[in-house]
Amino acid sequence: MARTMRSRVVAGAVACAMSIAPFAGTTAVMTLATTHAAMAATAPADGYAATRYPIILVHGLSGTDKYAGVVEYWYGIQEDLQQNGATVYVANLSGFQSDDGANGRGEQLLAYVKTVLAATGATKVNLVGHSQGGLTSRYVAAVAPDLVASVTTIGTPHRGSEFADFVQNVLAYDPTGLSSSVIAAFVNVFGILTSSSHNTNQDALAALQTLTTARAATYNQNYPSAGLGAPGSCQTGAPTETVGGNTHLLYSWAGTAIQPTLSVFGITGATDTSTVPLVDLANVLDPSTLALFGTGTVMINRGSGQNDGLVSKCSALYGKVLSTSYKWNHLDEINQLLGVRGAYAEDPVAVIRTHANRLKLAGV
């Protein structure tokens, strides 16, 4: 009976990951050059978001540039930035993979950065990463600091995720390891099918381990950044860093829609501050709203404090923290699902547009 219950919990966790999966395709130099020319021809005169260097949007776990080549991961965001004068590209990396190593997302992103630079003639890029995409962006900033002007992370688990710890612990109840293998195979196939390029470089177990709190601590040792606060603290670090003579501007923000409430018999309740209780349409039209409320409640009962359903406030702190008060869950941060969000949630498209202007005014 207990094993059956644990299996259901694991299945639920996987289903949750599928329901909240955000979407990204590596583009050839010729295609990028054509796109760059088209954007330059249509950029508005005022150039509110016209940064000096190109912006690359970097997706997180389970992502791609467009799910199945149709639904944008950064829903409506690339188009809005382009309409306001920005030169914007969207990376397409493995949806399920670690960030370091030869097959990792970091090396994939580095190759894409070089492709964008070759297509545009720029010398640097501004990296904007959501969720795991922030860790991937930090990798590139660490190993190729001369190619990066700024790193912005949105809802990134710099200290890992308590929900990843929870899933790993549940899987560990199976002494045979069969559950992990079967579920990982299923998730890997999901990653291949939803990738716009049907990328076969998928490793769900490596991705899960990357996002645990223990592995995040190791990652931070291997790829340190001045933007990180002291280990174990709920503090951010410096707003800039200089690596090999190259200065990077560092920014972050996050949603904290899931807030702890009262504790009864050792169990802490939670509330979703982004929605109107019972009547909010987001609960009906966006299945990820309730799913992330559930995962966020699990996190709170594992000591995370306020969170977005997958990443805690403390874990998301990095560089100059612009806000941790947005009433967003993890998908609201990228305007998912399909632009539906709770009645109290701010507009993420406007927030990212404003940040592009901030980068412009900072000279990058």
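Using the three backbone atoms N, Cα and C, a Cβ is placed for every residue, glycine included.
Cross-referencing Asp272, Asp280, Asp286 against the Ca(2+) binding annotation in Swiss-Prot, which names Asp332, Gln336, Val340, picks out Asp286.
The Cα of Ser131 (active site, nucleophile) lies closest to that of Leu61, out of the recorded positions Leu61, Asp308, Asp332, Gln336. When the neighbouring Cβ atoms lying within 10 Å are counted for each of the recorded positions (Asp286, Asp308), the highest count belongs to Asp308. Secondary structure from DSSP puts Asp332 (Ca(2+) binding site) in a helix. Shown in sequence order, Leu281, Ala282, Leu285, Asp286 are the residues of the chain, 6+ apart in sequence, with a C-beta less than 8 angstroms from the C-beta of Val340 (Ca(2+) binding site).
Among the recorded positions Leu61, Gln132, Asp308, the ones whose Cα is located within 10 Å of the Cα of Asp332 (Ca(2+) binding site) are Asp308. Summary of the Ca(2+) site environment: with the site residues Asp286, Asp332, Gln336, Val340 set aside, the chain residues having Cβ atoms within 8 Å of the Cβ mean position are Ala282, Ser288, Thr289, Asn329, Leu331, Asn335, Leu337, Leu338, Gly339, Arg341. A straight line from the CA of His330 (active site, charge relay system) to the CA of Gln336 (Ca(2+) binding site) spans 9 Å.
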